[in-house]
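Data first, discussion second: the structure below is written as structure tokens.
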């Protein structure tokens, strides 16, 4: 009886937390469907669903171009970080060489440096190379990540060393073991990491703002800011734009939900 009570209490708390979290998204959608009169009346639900605000948002800014740019940048950054992170993590976890732990600690120390501390240096390098207003400028500084290396290393450390030893006895090379044995076994962790990296890159604002000044190279977060006026702002198109750029994020989460849950729980059980 006590266990059932605790279970129902946890379910109730989860439902309440879910309502609190999802309420701003629901309100954002409702405002995107309201008339100006309904917005200022303070109501939560629109009297009727209208798409005029979405048309206005698409007229004020080329959102499909912004979405295309963000998909290219976020997708490339995701594959880049997973690829470089997996290769480095395999070396740090499965290969023995002198100074391995010291080098890994040095790499972890870079995570303590705020990105804002090196953003000016990165910007000057991009300008010197003549890469402003290019996909390279948006992608290159984020194509590798110490966090990705750390995350993938933890996943590789969960694998029994007996598998690696058996592969070595059979004459399996490190590259072959990495591609055909290690990577498939850590696929859930890769999926969870990929979703995290994609959403993080999708929400970048400051770096794309610095290295692009052409509308054709802007990303979604910069494009959303273009809907806000200097003196006054009609929040209905802004909310409509927010809902438009929210769709790819939701799709990424829904399509990768199974991998995300498996990745988050894979480290909790070993053996």
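Just so it is clear, glycine is given a Cβ too, placed from its N, Cα and C backbone atoms.
Because the structure is a prediction, the values reported are computed rather than measured.
What TrEMBL annotates here:
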type     : residues : note
DOMAIN   : 67-256   : domain 'ABC transmembrane type-1'
TRANSMEM : 9-27     : transmembrane segment
TRANSMEM : 71-92    : transmembrane segment
TRANSMEM : 104-126  : transmembrane segment
TRANSMEM : 138-156  : transmembrane segment
TRANSMEM : 177-199  : transmembrane segment
TRANSMEM : 235-255  : transmembrane segment
Problem set entry | When counting Cβ pairs under 8 Å to the transmembrane segment (71-92), the leader among 9-27, 104-126, 138-156, 177-199, 235-255 | 138-156
Problem set entry | Other parts of the chain folded back onto the transmembrane segment (9-27), taken as Cβ under 8 Å at six or more residues beyond its ends | 44, 246
Exercise. Going through 104-126, 177-199, 235-255 one by one, which has the most CB pairs that fall under 8 Å from the transmembrane segment (138-156)?
Worked result: 177-199
